[in-house]
Amino acid sequence: MGPIGAEADENQTVEEMKVEQYGPQTTPRGELVPDPEPELIDSTKLIEVQVVLILAYCSIILLGVIGNSLVIHVVIKFKSMRTVTNFFIANLAVADLLVNTLCLPFTLTYTLMGEWKMGPVLCHLVPYAQGLAVQVSTITLTVIALDRHRCIVYHLESKISKRISFLIIGLAWGISALLASPLAIFREYSLIEIIPDFEIVACTEKWPGEEKSIYGTVYSLSSLLILYVLPLGIISFSYTRIWSKLKNHVSPGAANDHYHQRRQKTTKMLVCVVVVFAVSWLPLHAFQLAVDIDSQVLDLKEYKLIFTVFHIIAMCSTFANPLLYGWMNSNYRKAFLSAFRCEQRLDAIHSEVSVTFKAKKNLEVRKNSGPNDSFTEATNV
């Protein structure tokens, strides 16, 4: 019931697992049997569907690894990119990179094979790492929204220091590690007998108490509220107030108008990141909630395929974020180009910003120093 993982195999009935394992015409012993009813066939066992799933997962992995690695690289390499907001964005990229490397390959393997082939240790570690990475992403997006809200709406002159930002990032990982710990603790690596003399290996959740323990449902619902509903509420409130503030704010002077445009672009970029995350994860969260409320959802003919499709949609957020940074933010776009050209300084591609303009800008800023200074600086990424 964690945020990601192939739960379809863990909740199937014996009859469903039989159909998946042996296909339409043979038993484990190679005996011919009558064709099963069409509605019992699992679509994820069809070669055409498997090819599509492999292409989809591999594309997401490739785009996610390249994009998120590039975000991390430019923040580390270029000193001008080492701002508090960019540290949070880089932390988001680290979490997404972990999802690309720890979630997708194992989930795809589990989906295609129909049983757990990675051993007992990874049975406990993989779901934990998956939950940890997703929760860090959610908390980081919330932190970014609160940081922008603090600086822009309240005009606070005291900015968060880099040391404090690292402390916040550490807390995000610590809280996520604690919240994801049940995914590693309440796990069972076991053999399940499908028919006499035939068993498969399964990696399933094992909560204390009776077979259908309420603890699993409570954990799943709590995760939905704490790591999806509540963050989305906070993020939506923060960005609504930011949008209202930017809409009503008027900056004097040409230089401040330039910064006002940058503020708007930055806010749009961050809002798009949040919207992409929310929309991409909504189908999977809603589907898992439906399973918790009504277990008959597990009896759907295409439960496994539906789960896999929603999982793919959720994973698209891991490569969408770097695309948003590159497309909507000029700083990242220039940093990406500079990284591809193997340039050592980001300033080398700031050709449109002349020394004369910089001097003029500094002079205007000094003349217009006042309450708006903190407002201007706070919105630059």
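In case you wondered, yes, glycine gets a Cβ from its N, Cα and C as well.
Predicted, not measured: the structure shown is a model, and the values here were computed from it.
According to DSSP, CYS123 (disulfide bond) is assigned to a helical segment. According to Swiss-Prot, the feature disulfide bond maps to CYS123-CYS203, an assignment based on sequence analysis.
As annotated by Swiss-Prot, N-linked glycosylation site applies to ASN11.
The S-palmitoyl cysteine annotation in Swiss-Prot covers CYS342. A C-beta separation below 8 Å, combined with a sequence spacing of at least six in one chain, links CYS342 (S-palmitoyl cysteine) to none of the other residues.
Feature annotation from Swiss-Prot assigns region 'Disordered' to 1-35.
What Swiss-Prot records for 1-51 (among others) is topological domain 'Extracellular'.
The topological domain 'Cytoplasmic' annotation in Swiss-Prot covers 73-86 (among others) and rests on sequence analysis.
Annotated topological domain 'Extracellular' per Swiss-Prot: 108-124 (among others), in sequence order, evidence recorded as sequence analysis.
The topological domain 'Cytoplasmic' annotation in Swiss-Prot covers 146-165 (among others). The average per-residue pLDDT of the prediction over the topological domain 'Cytoplasmic' (146-165) is 80, rounded to a whole number.
Among the features that Swiss-Prot reports, topological domain 'Extracellular' is placed at 187-216 (among others).
Sequence annotations record features per position, and here Swiss-Prot assigns topological domain 'Cytoplasmic' to 238-268 (among others) based on sequence analysis.
Summarising the annotation, Swiss-Prot assigns topological domain 'Extracellular' to 290-304 (among others).
According to Swiss-Prot, the feature topological domain 'Cytoplasmic' maps to 326-381 (among others), an assignment based on sequence analysis.
Swiss-Prot lists 52-72 (among others) with the feature transmembrane segment.
Marked as transmembrane segment by Swiss-Prot on the basis of sequence analysis: 87-107 (among others).
The list of residues near the transmembrane segment (125-145) in space but at least 6 beyond its ends in sequence, with Cβ under 8 angstroms from a Cβ of it, reads 2-5, 85, 88-89, 91-92, 94-96, 98-99, 102-103, 106, 118, 168-169, 172-173, 175-177, 179-181, 183-184, 187, 203, 227-228, 231, 234-235, 238-239, 270, 273-274, 277, 317. Annotation comment: Swiss-Prot describes 125-145 (among others) as transmembrane segment, evidence class sequence analysis.
Long-range neighbours of the transmembrane segment (166-186) within the same chain, counting only residues 6 or more positions beyond its ends whose Cβ lies under 8 Å from a Cβ of the stretch, are 2, 87-88, 91, 124-125, 127-128, 130-132, 135-136, 139-140, 143, 160, 205-208, 215-216, 219, 223, 226-227. Residues annotated as transmembrane segment in Swiss-Prot, with sequence analysis given as evidence: 166-186 (among others).
The highest number of surrounding Cβ atoms within 10 Å, among the disulfide-bonded residues CYS123, CYS203, is found at CYS203. DSSP assignment over the topological domain 'Cytoplasmic' (73-86) gives 11 helix, 0 strand, 3 coil.
Per-class residue totals from DSSP over the topological domain 'Extracellular' (187-216), listed helix then strand then coil: 3 helix, 17 strand, 10 coil. Residue counts of the topological domain 'Cytoplasmic' (146-165) by helix, strand and coil are 13 helix, 0 strand, 7 coil (DSSP-based). Residues 1, 4, 7, 92, 137-138, 141, 144-145, 148, 220-221, 224, 228, 232, 235-236, 239, 243, 297, 306-307, 310-311, 313-317, 320-321, 324-325, 328-329, 381 of the same chain, all 6+ positions outside the transmembrane segment (269-289), place their C-beta atoms under 8 angstroms from a C-beta of that stretch. Under DSSP, CYS342 (S-palmitoyl cysteine) is assigned to coil, being neither helix nor strand in the three-state scheme.
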